[in-house]
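> The following block contains the structure, expressed as structure tokens.
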Amino acid sequence: MGARSSVLSGKKADELEKVRLRPGGKKKYMLKHVVWAANELDRFGLAESLLESKEGCQKILTVLEPLVPTGSENLKSLFNTVCVIWCIHAEEKVKHTEEAKQVVKRHLVVETGTADKMPATSRPTAPPSGRGGNYPVQQVGGNYVHLPLSPRTLNAWVKLVEEKKFGAEVVSGFQALSEGCTPYDINQMLNCVGEHQAAMQIIREIINEEAADWDVQHPQPGPLPAGQLREPSGSDIAGTTSTVEEQIQWMHRQQNPIPVGNIYRRWIQLGLQKCVRMYNPVNILDIKQGPKEPFQSYVDRFYKSLRAEQADPAVKNWMTQTPLIQNANPDCKLVLKGLGMNPTLEEMLTACQGVGGPGQKARLMAEALKEAFQPGPLPFAAAQQQGRRTVKCWNCGKEGHTAKQCKAPRRQGCWKCGKPGHQMAKCPERQVGFLGFGPWGKKPRNFPMAQIPQGLTPTAPPEMPTAPPVDPAADLLRSYMQLGKKQRESRKTPYKEVTEDLVHLNSLFG
């Protein structure tokens, strides 16, 4: 380990430990990373001593660079580590791995000068964008050469179809991946799709319809002289009756070029758009925001469906103003209507941020509790009665405090009449209750008794005694009681008579 760690020593080792592994990360390079890189070089047949100099690191990078795009994670990590070591040897100040990679690529292009050493006639150049695509057709030595699509492009297209399931993203993805392709390359992309053969059949039908329309609009002229390039037909544009060389000549000829690649791409885009409508049958007017769904996710779903809609820009603009607001939930709709006429999407997203979340629910709950605990308006009579109600002290007779809070001397005797010997609860001058003074000594009354002041005599004549009214129920009860008493007396037999009868039975047993 000591020999391998001596690749960088002293000041260079200190500079290595200042470089971060990732931009903005906390971890930094250490000597163990150099030891690991030296061990990995054996797998590629490279000597460890190459890491000790700038030129040696450059040789390692020239070997590893072509393998990085399709290499494993270990290969990419080895390439990054060697880039950092190269920067240390070259005394380039770098802060992290990505910056070291950029510095290495910039210096290697300048030092090698591979582009300058090539002759101008054989240097790959792309044709102007106005005359067709720039890939995979390239101009080498004054002639246009066809380069097949890379496996990475085909793999990206297949993954796009498998993951998105013919969503709205497939159309734009196809446009990006098929830029500058010939009909031969586009057919190769379509043939790579193994699944979704129903969608592929729909695309073929659209291609046949468009090819038939092309033949009607561009009829073929009569017989041409030998060696002259014919005009493309619908099947030629679809790549079924034409070769790659003919397609390139139609695209890049000097007089009357025909971009057969772009025409074929347009036909396939029509088929893809039809597949998108078939695989996404949801109408944009049916997309509504859920009661607990954030407004941002609702807008994402809305615009994703709008992207799949094939409508005029004016209709799409109307959809972004009217249905977007109408299909929002009541909380967001209340906020959006307060923004005025034709608010922008940024204003709507900013205004509805946090609507339906915990913060808004807490505010609504606080407002509801505040309204619930706030006393309502009292009736007029109750308000007057409540305003007249005051506290009166029994000790001093003043208002505003109770007897317990009174600071005046304690008054002796009854607080009602002021006489000693009894309390206010037993005061004879208190107001008579509904049942009279109480049950002691006499039965309770069911009417209030008026107190007759002493010294006053009644002036009305006394009532004459009269017989009580006859109650038939009382007479019947009295007769039953007398009858029962007689029956009890008749059933009673003296004990002496019973014992005598028992004694006389002894003669039966002799």
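Cβ coordinates are placed from backbone N, Cα and C, and glycine is handled just like the others.
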> Which residue range, 2-8, 16-22, 205-211, 324-330, is the one Swiss-Prot calls motif 'Nuclear export signal'?
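Feature motif 'Nuclear export signal' in Swiss-Prot: residues 16-22.
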> Choose the correct range: of 119-138, 219-238, 239-258, which one does Swiss-Prot annotate as region 'Disordered'? Give that range.
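Swiss-Prot lists region 'Disordered' for residues 219-238.
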> Given the ranges 26-32, 180-186, 271-277, which one is assigned the annotation motif 'Nuclear localization signal' in Swiss-Prot?
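Matching range for motif 'Nuclear localization signal': 26-32.
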> Under the DSSP assignment, what numbers of helix, strand and coil residues are found in the zinc finger (391-408)?
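For the zinc finger (391-408), the helix, strand and coil counts are 0 helix, 2 strand, 16 coil.
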